[in-house]
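Colleague: Can you keep this structure in mind? I'll have questions shortly.
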Amino acid sequence: MLSSTDLVQAVTADLGKIRETAPLVLSLTNSVVQPLTANLLLAIGAVPAMLNDAEEAVDMLRSGTGALLVNLGTVTREQGAAMQTAVREANRLNIPWVLDPVAVGALSLRTRLAGQLKEQSPRIIRGNASEIMALAGYSSVTKGPESTSSSADALHAARELALHTGAAVLVTGRTDYSTDGRQVTATENGHAMMSRVTGVGCSMGALSAACAAVSPTPLQAAVSTAVLMGIAGEMAFEQSPSPGSFAVSLLDSLYALSPEDVVRRARFLSL
């Protein structure tokens, strides 16, 4: 287990690598969050590509993509087939990909699709407590895409899911937990206002893809995602304590986020 100092150094290293290399993140994501997702990737220093067509996704992956995001938020059968194709090509090219199983357990099509995708070697799985519990095979109660369980409730399921899939699992909530099934890192950055803006959680999936493109391990990428997004959320609320302006300030905060901010603000919970 890394010390807090080592974790902070790793997070700042990932931030620096994103800004230095500007990885291309191919996002097969939901229609509700595409603008925020694309702008968030640009703000942190990555390059977004938003596609839904299978043929074009394969072309993009072959052109130098750093990571792939698969987000099931508004999935259709056609898009689901494109996701399967993109995932197979990403695996063939050894490109890391992230699964964001939005509202899995609440709706049948995406639950079936997520069950298939989790067996195809995602590097990171990001979800709220209910989504992670459902994907791991546990019963959970949701309100659409929103979780009614705490992230701590899902920690056991997250560890099992990580061991089963080989992915790092990031459970987001008041406390964010990142695990590879053996190690667990808990981070306590963020603000409740983040849950009042549509797309912030889904955009964390995109950020985790950017981190996966540069980080030495999926677990470290998950930790970096939680810390960077959480700190940006805190900074955004200090500037804009209402939902509409908060969304804009979140992008500004990610753009302005410095290594010094990470050193000063990162909070890790002892387990």
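Heads up, residue numbers simply count up from 1 along the chain you see.
Keep in mind that glycine also has a Cβ here, set from the backbone N, Cα and C atoms.
In case it helps, Swiss-Prot gives these features for our protein:
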- Met50, Gly199: substrate binding site (BINDING)
- Arg126, Thr172: ATP binding site (BINDING)
Colleague: Just counting, how many other CB atoms are there within 10 A of the CB of Met50 (substrate binding site)?
Modeller: 17
Colleague: Among all the protein chains here, how many other CB atoms are within 10 A of the CB of Arg126 (ATP binding site)?
Modeller: 33
Colleague: DSSP three-state call for Gly199 (substrate binding site): helix, strand or coil?
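Modeller: Coil, per DSSP.
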Colleague: Looking only at Cβ atoms, how many others are within 10 Å of the one on Thr172 (ATP binding site)?
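Modeller: For Thr172 (ATP binding site), the count of other Cβ atoms within 10 Å is 31.
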Colleague: Just the number: how many Å between the Cα atoms of Met50 (substrate binding site) and Arg126 (ATP binding site)?
Modeller: 19
Colleague: What is the total of other Cβ atoms whose distance to the Cβ of Gly199 (substrate binding site) is within 10 Å?
Modeller: 20
